[in-house]
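What follows is a short report on a single structure.
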Amino acid sequence: MLPFQPLLHAGVFALTVLQALASDTFIAAVYEHAVILPDPTDKPVSPDDALALMNKNMDVLEGAVKEAAQQGAHIIVTPEDGIYGWQFTRESIYPYLEDIPAPVVNWIPCTDPSRFGPAPVQERLSCMARNNSIYVVANMGDKKPCNSSDPDCPSDGRYQYNTDVVFDPEGKLVARYHKYNLFMMETQFNYPKEPEAVTFETPFGKFGIFTCFDILFHEPAVVLVSKMQVDTVLFPTAWMNVLPFLTAVEFHSAWAMGMRVNFLAANTHKTSIAMTGSGIYAPDGARTYSYNMKTEDGHLLIAELDAHPRLSSTFPPAISWSSYALSVKRFSQNDRDFTGVIFHDQFTFTELSKPGENLTVCQKDLCCHLSYKMARKRDDEVYVLGAFDGLHVVEGQYYLQICTLLKCKSTDLDTCGQPVETARTEFEMFSLSGTFGTNYVFPEVLYSGVQLAPGEFEVLKDGRLINKTKPTKPVVTVTLFGRWYEND
């Protein structure tokens, strides 16, 4: 039996490659994982205890990999922090780290596990990929020694990186990415000296990869799409939802549409900190997604995507985001503008006081235009049109231009901008646009119950976000979320 096994694996791998080459599409999978967390401690545990915890999580991930492969998936993305969690200091995470070499070493850990020292996590991930003939994307920790000859070397003599790895269907390490934009709580990690633009080729397109908070910054996120011309972005994340604009499923879907690229987002699952929301997104909308704040279960998502979306007949045209808004006069001069706060940013709002009308609200250089007609004006729900043009400075510094139609938490205007998940108001029509100074604008439509609206809205070439269904489902928010990177 032993001589036959390598031949069998080679045959399965060759068949997988041929199937991918024979098609202009591929099957993608993402797994939202309810991570088994270690006990909080400031002191490092033993390497054996660290590995035992990681193996518990990898047992679950391996089950998802096997199921995805059985359903024909060519690649699966697993979440950030999915192997060991996030409750660490710099010292306590050390036993969980491995030395991850650059992919140029041409290494298959499954068949040569000790080549670069102890690497049980890389060995197991490699074997998951090899044994199931599937690309496996995972997040883990990398450690790199340094010394006094490096002026940036930390006092403990090592760099520690939040790292994504990719293993191909033979189990070979084909990509390694060190997270560049660390979230404010990631004090256990260092950021690399330069941002990394990591890509790799597959039989079904060119892939790029980055991690969680990276998505809000020009490097590496925009560089991968605009300069490196990747077809698909892989996105391990540990995303804590922030309504109304930064809920995982709405923002990640919007990012894929705004950047016109496939996007595979795998989130961790922890409802106590509002961590859920994974999906497989295409330039024309979500293929599949999951948002679950009710149970603590993991969830596997699988969908088919165009391997080269730019060549697809459904690839959306380029948008001139400010064209319409700059061509029209201010819709209405009103004296009912007021201010409100959304995620620490001060917006200028105006109320939608009539069943239908044209409105404009401005802040600094941004004017947001809205035409709308409600299916029925309700007395128990209040909506506003809002504009924000400024630098967000809370968990990071990044310049935003946002136009939004949103439901207030109550009929008290002081609640406008506070998180809302449910609504009952439907719209016969809406058309939202803005005088954006950036071409990086992400269209979001969120329905009641944190539901997306794939195929139910579109962005016209002149930058107007409009509804296609009449009436809509109950609306929580309609938003054009702009990132003006040059102003950061």
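Using N, Cα and C of the backbone, Cβ positions are placed for all residues, glycine too.
Since we're looking at a predicted model, the values are computed, not measured.
Taken from TrEMBL, the feature signal peptide covers 1-22.
Per-residue pLDDT, averaged along the domain 'CN hydrolase' (31-307), amounts to 97 for this model. Summarising the annotation, TrEMBL assigns domain 'CN hydrolase' to 31-307.
Residues annotated as active site, proton acceptor in TrEMBL: Glu80. Counting Cβ atoms from all protein chains shown, Glu80 (active site, proton acceptor) has 26 others lying within 10 Å of its own Cβ.
The 10 Å shell around the Cβ of Lys179 (active site, proton donor) contains 26 further Cβ atoms across the protein chains shown. Positions annotated as active site, proton donor by TrEMBL: Lys179.
Using a 10 Å Cβ-Cβ cutoff, Cys212 (active site, nucleophile) registers 26 neighbours. Per TrEMBL, the feature active site, nucleophile maps to Cys212.
A gap of 8 Å separates the Cα atoms of Cys212 (active site, nucleophile) and Glu80 (active site, proton acceptor). Distance noted between the C-alpha atoms of Glu80 (active site, proton acceptor) and Lys179 (active site, proton donor) is 10 Å.
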